[in-house]
Amino acid sequence: MVLQARNKHREAAPKPPQPSRASQSPLRGAPDAGAGEPGPERALQSPGRKGAASRKGPRAEPAAPPSRGGLGGRLAAWLRGALGLRRAGRGRTWTTLLLAAFAALLHWSHITHLFENDRHFSHLSTLEREMAFRTEMGLYYSYFKTIVEAPSFLNGVWMIMNDKLTEYPLVINTLKRFNLYPEVILASWYRIYTKVMDLIGIQTKICWTVTRGEGLSPIESCEGLGDPACFYVAVIFILNGLMMALFFIYGTYLSGSRLGGLVTVLCFFFNHGECTRVMWTPPLRESFSYPFLVLQMLLVTHILRATKLYRGSLIALCISNVFFMLPWQFAQFVLLTQIASLFTVHVVGYIDICKLRKIIYIHMVSLALCFVLMFGNSMLLTSYYASSLVIIWGILAAKPHFLKINVSELSLWVIQGCFWLFGTVMLKYLTSKIFGIADDAHIGNLLTSKFFSYKDFDTLLYTCAAEFDFMEKETPLRYTKTLLLPVVLVVFLAIVRKIISDMWGVLTKQQTHIRKHQFDHGELVYHALQLLAYTVLGILIMRLKLFLTPHMCVMASLICSRQLFGWLFCKVHPGAVVFAVLAAMSIQGSANLQTQWNIVGEFSNLPQEELIEWIKYSTKPDAVFAGAMPTMASVKLSALRPIVNHPHYEDAGLRARTKIVYSMYSRKAAEEVKRELIKLQVNYYILEESWCVRRSKPGCSMPEIWDVEDPANAGKPPLCSLLVQDSQPHFTTVFQNSVYKVLEVIEE
C-alpha cells in the first residue's frame with residue numbers, strides 16, 4: 001500500500017458526543033432483544049428528522065423450455081415462467097431484469113450517500129469509525145475485527161467460538177449466541193479480497209492525514225475496500241441495494257405488471273425513513289437478514305400461485321429460510337406470523353393440504369439446519385415457531401378426522417384455529433420446561449406489559465426506549481400524506497370483498513360436507529393476512545414497522561392488478577390510474593427524500609475517545625470493566641478489554657449480570673453493590689452521570705426503574721449521584737471527563 005499524506009480540513013470546533021438520531025430515551029443502552037435488539041441505535045426515521053448542525057395478475061403458466069444462453073439465459077427462462085410470460089416475451093423479461101438492476105443501483109447509491117452525509121465516514125479515523133458503531137452494532141463488528149486481525153481465518157473463527165472477553169470470566173461460543181455468521185462470511189471475503197489484491201499488486205486503500213483543528217491531534221483516515229470498516233459497510237449496502245431489485249420483481253410478479261414493480265419501488269423511496277434504517281445502523285442484524293425475507297416471501301408467493309410445485313422452488317425456499325434465520329434471532333417470530341397466515345389461508349380453502357404440508361416440511365428442514373449451524377441453540381427448538389410447525393403438522397395429519405365432525409364449515413374453522421393456538425402455547429411451555437430454557441421469557445413479559453400493568457426491570461428497559469413503545473401516532477399520518485395508507489386500504493378492501501364473495505356460498509350452506517372446490521388466488525389472501533400480522537407487530541412495537549411499511553409498499557403494487565381492479569381497467573387505462581396515483585404520492589414523497597438528503601453531519605465523540613485512549617494506555621490488558629451496555633461494546637471493540645455485560649440481551653444469565661451492573665444506578669448501599677461487582681471480578685466501573693437523571697417519560701429514569709424492582713429502598717438518594725460527588729471509601733476515581741467517570745473497585 002502506498003501511504004499518501006494530504007491535509008483535509010475538517011470542522012474545527014470540537015463537538016459533544018452526537019447521539020443516534022433515534023427517538024431519545026434515558027435508556028440509550030436498552031438491551032437488544034429477540035424482539036428486535038433494544039438499544040439506543042437509530043430508530044426508524046420519520047420524514048421530519050433533523051440533521052446534524054454541521055453537515056388480478058395472470059396465473060403462472062408452465063415454464064418455457066430452458067434457454068441455451070448460459071446462466072443469464074436460464075435466469076431469464078425461470079423469470080419468464082415465474083412472471084407468467086410466454087417465450088415470445090423474452091424482451092420483456094430482460095426489460096424487467098434491467099429495471100430491477102436499475103432500482104438496485106438507485107437504492108445502493110441512496111443509502112450510501114445518506115450514510116456518508118450523516119457521519120462523514122470516509123474522513124474518520126479507525127477509532128472514530130469503531131465508536132460510530134454504537135451499542136450492539138459495535139459488539140457485532142468486534143467479532144468481524146477479531147477474525148480479520150487474527151493470524152489466520154480459522155484461528156479467528158476459533159477465537160470467537162472460545163471468547164473470553166465478552167462475558168468475563170465465562171468462555172462462550174459467540175457464533176452460537178449472537179448470530180454472527182454474517183461477520184464470519186464478510187471476514188473471509190475481506191481476507192480473500194486483500195490477499196488477491198496484494199498478490200496482483202493493486203492498491204486497496206489510500207490513507208490521508210486529516211487535521212481536526214483547535215489543538216486536536218491529526219488523525220490518519222483510510223479510504224477504500226482495503227479498510228475493514230469500509231469493506232464491512234460497503235457489503236451491507238450492496239446487499240440492501242440488491243434487495244430493491246427483489247422488491248421490483250416482487251411487485252411485478254404479484255401484480256402481474258411492471259407498473260406494480262414501479263409502484264412498490266417508488267412507495268419504498270417515498271416512505272424510506274419508515275421502511276429501513278440500514279443507512280443509519282448498518283451492522284444491525286436486520287440489515288443482513290431482511291433482504292432474504294423479501295426473497296423468501298417472493299418464493300412463497302410463487303409457490304402459492306403455481307399450479308405445479310417443482311423441487312427447485314422448494315429448495316430455494318429452504319435456502320432463503322436459512323439465510324433469513326441465521327443472521328437474526330427475531331426471524332423466528334416473523335416466520336411464526338407467516339406460518340399462521342398460511343395455515344389460515346388453508347383452513348378457509350385457498351390452498352390445498354398437499355401444498356401446505358410441503359411448505360411446513362420445508363420450514364421444518366430449514367429450522368433443523370439452523371439448529372445445527374447454530375451449534376444446537378435451544379431457543380430455536382423451544383420457540384413458538386417450532387411449536388407452531390409441529391402443531392400444524394399434527395392438524396394436517398388429523399384433517400380426515402376433523403372433516404368427520406358433524407359441524408358447520410365455520411365451526412370447523414374455529415375448531416382448527418383453537419387447536420393451533422392452544423396447542424402452540426402448550427407445546428412451547430412444555431418444551432421450555434423440559435429443556436430448562438428461559439432466555440426468551442422477557443419477550444413474553446414484554447408483550448404482557450403491552451396489554452396489562454405488568455412491570456419488571458427487564459421489561460422497563462425495553463418499554464422506556466421509544467423504539468419499543470407503541471407505534472407513534474404520527475406514523476399513520478405520515479403514511480397518509482404519501483397516500484400509501486389510502487392505496488393499501490383500497491387494495492385490502494378489494495381483497496376482503498373477494499374473500500366475502502368466495503366465502504358466502506360456503507357459509508350459507510346448512511349441510512355439512514367435504515368441500516372439493518379450491519378457491520383461486522390464495523396468494524392475495526395470504527398477503528392480506530400477513531399485512532394484518534405486521535400491522536399488529538408494528539402497533540405493539542414501533543421498531544417492527546420495518547416489516548409493516550415495506551409490506552405495505554408490496555401491497556400497493558396490487559393497485560395494478562387486473563384480478564382486483566379489472567372492472568376499472570376496462571374503462572380507464574391502467575397506466576393512467578397508476579401514474580395519477582404516483583404523481584399524487586410524489587408530492588409528499590419527494591419532500592421526504594429531500595429531507596433525507598438535507599441531513600448533513602459529522603461524527604464526533606471526544607469524551608469517549610479520551611476514555612478509550614486512557615483505557616488502552618493506562619490499564620492492564622486483562623483489566624475487567626463493567627458499565628452501561630453501549631459503552632461496554634465500545635470498550636470491547638476498541639480497547640480490547642474484558643467486559644462482564646454487553647448489549648445482546650437474549651440470555652437469561654446475561655440479563656442477571658446486567659441487573660447487577662446497573663445496581664450502580666439504584667438506591668442500594670455502595671457496600672452491597674461493590675460486593676456484587678467483586679463477585680463478577682470487576683476491576684473498573686465506568687459511571688455515566690447522565691444515566692442517573694435522564695428519562696424519556698415519567699417512571700423511566702434508572703432510579704425510578706429500580707424503585708419498581710427494589711421498593712424497599714425507594715426514597716433514598718440514588719447511589720450514582722452519591723458516587724459522582726465522592727467515590728470513597730468503596731471506590732477510587734481514576735479517570736474523569738465531562739461524560740465518564742471511571743471507578744476502580746477497591747477489593748477488601
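Just so you know, glycine gets a Cβ as well, placed from its N, Cα and C.
Straight from TrEMBL, the features:
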type	residues	note
REGION	1-69	region 'Disordered'
TRANSMEM	140-160	transmembrane segment
TRANSMEM	229-250	transmembrane segment
TRANSMEM	333-352	transmembrane segment
TRANSMEM	359-376	transmembrane segment
TRANSMEM	382-398	transmembrane segment
TRANSMEM	410-430	transmembrane segment
TRANSMEM	483-500	transmembrane segment
TRANSMEM	524-544	transmembrane segment
TRANSMEM	564-587	transmembrane segment
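Proximity of distant same-chain residues to the transmembrane segment (382-398), defined by a Cβ-Cβ separation under 8 Å and at least 6 residues beyond the stretch ends, is recorded for 332-333, 335-336, 339-340, 343, 353, 356-357, 360, 363-364, 367, 416, 419-420, 423-425, 427-428, 431-432, 435, 437, 440. In this chain, the transmembrane segment (410-430) lies close to the transmembrane segment (333-352): three or more C-beta pairs between them fall below 8 angstroms, excluding pairs fewer than 6 positions apart. Remote same-chain residues near the transmembrane segment (483-500) are listed as 267, 270-271, 348, 476, 521, 524-525, 527-528, 531, 549, 552-553, 555-556, 558-559, 561, 564-565, 581, 584-585, 588 (criterion: CB distance under 8 Å, separation of at least six residues from the stretch ends). Note on the transmembrane segment (359-376): residues 173, 175-176, 179, 181, 300, 303, 314, 317-319, 321-322, 325-326, 335, 339, 342, 385-386, 389, 392-393, 396 of its chain, located 6 or more positions outside it, place their CB under 8 angstroms from a CB of the stretch.
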